[in-house]
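Peer 1: Okay, these came from TrEMBL:
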type	residues	note
DISULFID	Cys97-Cys106	disulfide bond
DISULFID	Cys329-Cys338	disulfide bond
DISULFID	Cys546-Cys555	disulfide bond
DISULFID	Cys801-Cys810	disulfide bond
DISULFID	Cys817-Cys827	disulfide bond
DISULFID	Cys838-Cys847	disulfide bond
DISULFID	Cys876-Cys885	disulfide bond
DISULFID	Cys932-Cys941	disulfide bond
DISULFID	Cys970-Cys979	disulfide bond
DOMAIN	23-65	domain 'EGF-like'
DOMAIN	67-107	domain 'EGF-like'
DOMAIN	109-300	domain 'Laminin G'
DOMAIN	302-339	domain 'EGF-like'
DOMAIN	345-518	domain 'Laminin G'
DOMAIN	520-556	domain 'EGF-like'
DOMAIN	583-773	domain 'Laminin G'
DOMAIN	775-811	domain 'EGF-like'
DOMAIN	813-848	domain 'EGF-like'
DOMAIN	850-886	domain 'EGF-like'
DOMAIN	905-942	domain 'EGF-like'
DOMAIN	944-980	domain 'EGF-like'
SIGNAL	1-20	signal peptide
Amino acid sequence: MWRFSVLVWTSWLLFAGTFSEDDLSGCEKQLCQNGGLCESHDGAFRCLCSQQSQNGRLYGGENCTTSLLGCDDNQCENRGICSPLLVDGEHTYTCICLAGFTGPKCQTTSVFSFETQGYIYVKTQLLDPEDPLNVTFSFRTDRPFGTILQHRVDNLLLSIELTDGHLGLHSLKGQGSSTLVQELPEYLSNNKWHMVGASLGVAVSMIKLLCTEESCTRDFNSEVQLLEPASALPEPGSVRHSLFIGAVRGNWSSGGEADEEHYPPVFLGCFRDVLVDSHLVLPATVPEGSDAQVNVTEGCSDRDRCDDSPCQNRGRCVSQVWRSYTCECFRPYEGNDCAEEYVTARFGNQDMEGYASFSLDDEPADSVTISMFLRTRRSSGLLLIMANSTSQYLRLWLVEGKIKVQVNNFETLVGKTVVNDGHFHLVTVKLNGSAAMLFQSAHQIQAYMLIRQIDAHAGDLVFVGGLPDSRASASFGGYFKGCIQDLRINNKRTQFYPIATPVESYILEQLVNVAQGCSSDNACAVNPCLNGGVCYSMWDDFICNCPPSTSGRRCEEVKWCELFPCPFPAVCQPRSQGFECLSNVTFRVESSVLQYRSNGKIKRNLDSFSISFRTRESTATLLHAHKDSHQLTVSLLDSHVVMELQAGTKDSNKVTVRSEGPISDGKWHTVDISLENKTLPTSRWIMVVDGDNTEQSMSRTAPGDLDFLKEGSFIFLGGLSSEARVNMSGCIALVEIGGLLLPFHLETEFIVPRPQQEQFTMIGSDVAPNYGCWGAEVCSPNPCHNHGVCKDLFNLHHCICSSEWTGPLCEKQTDSCISSPCINGHCINLEEGIECVCEVGYSGKQCDLEADMCENNNCSDGATCLKGFRSYGCLCPLGITGQHCNEKIPEIPWYIETHPIPQLPVSTCTGTKWDYNCFNGGSCSEADSCYCMPGFVGQWCEKDVDECASGPCMNGGFCVNYLNSFECVCDMNYSGIHCQIDISDFYLYLFLGLWQNIFQLVSYLVMRLDDEPEIEWGFVFND
């Protein structure tokens, strides 16, 4: 065997020395060192050096004394074992490679794998094709089926195949059937390495399992010869014999043409150390286009192929057996790696009318599902129609940007959300028997309804994007403009432009003006942006980059106020299609009446009037206008706003409306007057003041509006005419007729002309308006006396007086006692000032000093004065009582027994002004006083209530005072709580009762003695 040869030659090179010229006495001299064994031979000796390291070294040479240095710089790769050598005095080495590697340094892998159907064609060295071919190989797989090797000699095919995990040798001759020659009993599809030897001959063939996994050892060293690889696959029949590692199909496998079902099963797995007649087979780099080897991968990786993320476009990788995988692609992608995208169809490019039609070539099931990716910016257009020779039984089109579905020309459902936003939307219509459902974004249901089942058959047509008849397409909003991608009917594709990956699709019948891709029209070609805006094209749309002070989709809206068009001090306010300059105007007697008229371009109906003003005048003309028999006057009458409107010459056409309350209070007020019904020829006028709809004023119903003001009539503000004098004193702000402002500036005064078409313009006057709101100088000079401060309230002043003065002009002195200067007393106004009469316990000028109530107290000697807030109290010693402790308590007679009086505790309290005590068990209160126990009174519970003071004892009884109680000690003839019971006859009754009881007892004893037998009493005396 090769392994034995390697070991022998290695041992020879390692340990062989030169034969000694001496005789056997050389071994006797023990010349072999470092564990070497001496061997005599033909009168000489040689040293067999030890293979065990001596002090970490191997030795060689004649006497095993030379340290072998060939492996000091270990050159063996892939964990190859380095063996040092000494050849002709030169240090060298050889590598013993692990399984799966070869080469001088074990640098070349001998492992290759098939991850899909593939093979290696091996060009053998056989001179006679009928000689047996010896093959040794290791393989590894977890698939139970596969063709591992195929050897053909003329018309005999020998193959080694896995069937249900068992390795078998099969024979096939000519066009006959395959015969199982031999099958190994072991189960080998367990993902472990198995080493197999095979002898394949015309006469005799056999296979043998040599070893499994770790039990396998190498039978060759790094110097094994390599088999020369074939550069190309010869033509079938051009050679008598062939050998394939793996499964080759077609003529090579069967000897002739073969169907796919007769192909040999594909082997997916790994090979290692394949030896053909002792020559190692390695995958080679073949020229491009060569078929000598197909789908061969170097190495045998255990790594999951899905770790490389082979699936593109978010495809989901699913691991399969033996390092293979499949990709589950998301729409609209297809292919093994989801790399191919369904071609998008562009409809309506450059607004051309286009459509496509397909024919159904199968019978759809009862459930029909139509889905597509849709992109558009149009709100209407035909998407899809399914029709037979008689009717259109399914229609899809866009209505206001939403999907609309109609089934059988009757049942209709509409989506909830729009799809014309320029993005792709997945739209699905599912007709499941008697129900129809519309989905958007895969699973978001939009609508549901019950339907009659449709009747679809092979041969029906599917129109996409429109119909051949343009008038018929117009019924559904016209031809579709946008893009459609990955249209499917029951998972069968309808491809406008086919992709390379073969997929089942319906037949395309017509394709009219439908472009490939999803291009966009150049919406900027006509320059839709106004006012100098720059157009940027988007998909079927555009966006305008507007210059400053403009806005809107097409920059059509000018931000006029950013141009600062108003003269000082007016404020710019944006209006529809323009702006207005707002300000206030002050009217005085010396002011001029402002005059206006229409610019002749007012088209709207003038059916409202609004004015904001402030005044204290009770009578004034705010606005007046007339033309022919039409007249309008808005004035103040008795402080009420009054509008008088005369429409024509008839008195019946005159209407008047008057405000509910007076508004001549100098404050700003807004009056809105409008027609109640703007559509009827006659209506009432409604007046609302300051937006308070609860106090509306109404006129009677009459014809007439304010349209005569737009026909050249003059409008006067502040008076009856331009020649009349202003009879108003106040301010006017916003004045509008029909929503059109009466400006307070001439057109020539505007920095930028007003662009709006409908306008009222002011006509010039000799006196310019007094801008702002300015009242009369009511505080100059100061009308307030005694240093009062004057406050301007618009044509009215108010004096703010100091505390000593009052009155409209601070002319009256105030009541000095109003401020309550006496803190604890009563205030009295005097000519020279005030006087405070203090309450008891207080003193001082403002009664702010607390008096000492114990000063000059009347407590008797021995008593303690207790100071209070408004009075004092006397704490009496034992035996003394009274308010001032000047009454002595009567002494109790010696013969009366009394109960001792308990000693009650004293509580110390913290008051707001000083600390105090609560006597006789009293407790502190929050009002700087005490809560007393029953029987005690006084601010500090210092007084014991004398219950005997009221004389409760009667008939001479003696009263003894206790805590919260008393006791009456009665004379012997009286009794009771108050000695109120007379008991003087009690003793006579007691004597008679006692005598009666004694008499009854004696009588009873006599009667008992008479009833007893007689007894003789005898006395015997003993001597």
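Quick reminder: no glycine exception, Cβ is built from N, Cα and C everywhere.
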Peer 1: Mind tallying the domain 'EGF-like' (813-848) by DSSP state, helix then strand then coil?
Peer 2: 4 helix, 15 strand, 17 coil
Peer 1: Quick check on the disulfide-bonded residues Cys106, Cys817: which one has the highest count of other Cβ atoms within 10 Å of its Cβ?
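Peer 2: Result for the most crowded candidate: Cys106.
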Peer 1: Where DSSP helix means H, G or I and strand means E or B, what are the helix, strand and coil counts for the domain 'EGF-like' (775-811)?
Peer 2: 0 helix, 10 strand, 27 coil
Peer 1: On the DSSP side of things, how many residues of the domain 'EGF-like' (905-942) fall into helix, strand and coil, could you say?
Peer 2: 0 helix, 14 strand, 24 coil
Peer 1: Checking the contact step here: among the disulfide-bonded residues Cys106, Cys546, Cys555, Cys827, Cys932, which have a Cα within 10 Å of the Cα of Cys838 (disulfide bond)?
Peer 2: Cys827
Peer 1: What is the nearest of the disulfide-bonded residues Cys106, Cys338, Cys817, Cys876, Cys932 to Cys970 (disulfide bond), using the Cα of each?
Peer 2: Cys876
Peer 1: Can you tell me how far the Cα of Cys876 (disulfide bond) sits from the Cα of Cys941 (disulfide bond), in Å?
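Peer 2: One finds 12 Å between the Cα atoms of these residues.
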Peer 1: Quick check for the class: what is the C-alpha distance, in angstrom and rounded, between Cys979 (disulfide bond) and Cys885 (disulfide bond)?
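Peer 2: Taking the Cα atoms only, Cys979 (disulfide bond) lies 30 Å from Cys885 (disulfide bond).
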Peer 1: Which chain-mates of Cys810 (disulfide bond) that are at least 6 residues away have a CB under 8 A from its CB, listed by sequence?
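Peer 2: The list for Cys810 (disulfide bond) reads Cys784, His785, Asn786, His787, Gly788, Cys799, Cys801, Ser802, given in order along the sequence.
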Peer 1: Looking only at Cys97, Cys885, the disulfide-bonded residues on record, which one has the least crowded Cβ, with the fewest other Cβ atoms within 10 Å?
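Peer 2: Checked Cys97, Cys885; of these disulfide-bonded residues, fewest Cβ neighbours within 10 Å: Cys885.
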Peer 1: Taking 10 A as the limit, how many CB atoms besides its own sit near the CB of Cys970 (disulfide bond)?
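Peer 2: Within a 10 Å radius of the Cβ of Cys970 (disulfide bond) lie 20 other Cβ atoms.
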Peer 1: Cα distance, Cys932 (disulfide bond) to Cys847 (disulfide bond), nearest Å?
Peer 2: 31
Peer 1: Averaging the per-residue pLDDT over the domain 'EGF-like' (775-811), what integer do you get?
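Peer 2: Result for the domain 'EGF-like' (775-811): average pLDDT 87.
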Peer 1: Have a look at the disulfide-bonded residues (Cys329, Cys555, Cys827, Cys932) and report the one with the fewest Cβ neighbours inside 10 Å.
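Peer 2: Cys827, out of the disulfide-bonded residues Cys329, Cys555, Cys827, Cys932, has the fewest neighbouring Cβ atoms within 10 Å.
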Peer 1: Would you mind reading off the Cα separation of Cys827 (disulfide bond) from Cys941 (disulfide bond), to the nearest angstrom?
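Peer 2: Here the two Cα atoms are 35 Å apart.
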Peer 1: What's the number of neighbouring CB atoms sitting within 10 A of the CB on Cys338 (disulfide bond)?
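Peer 2: Result for Cys338 (disulfide bond): 21 neighbouring Cβ atoms inside 10 Å.
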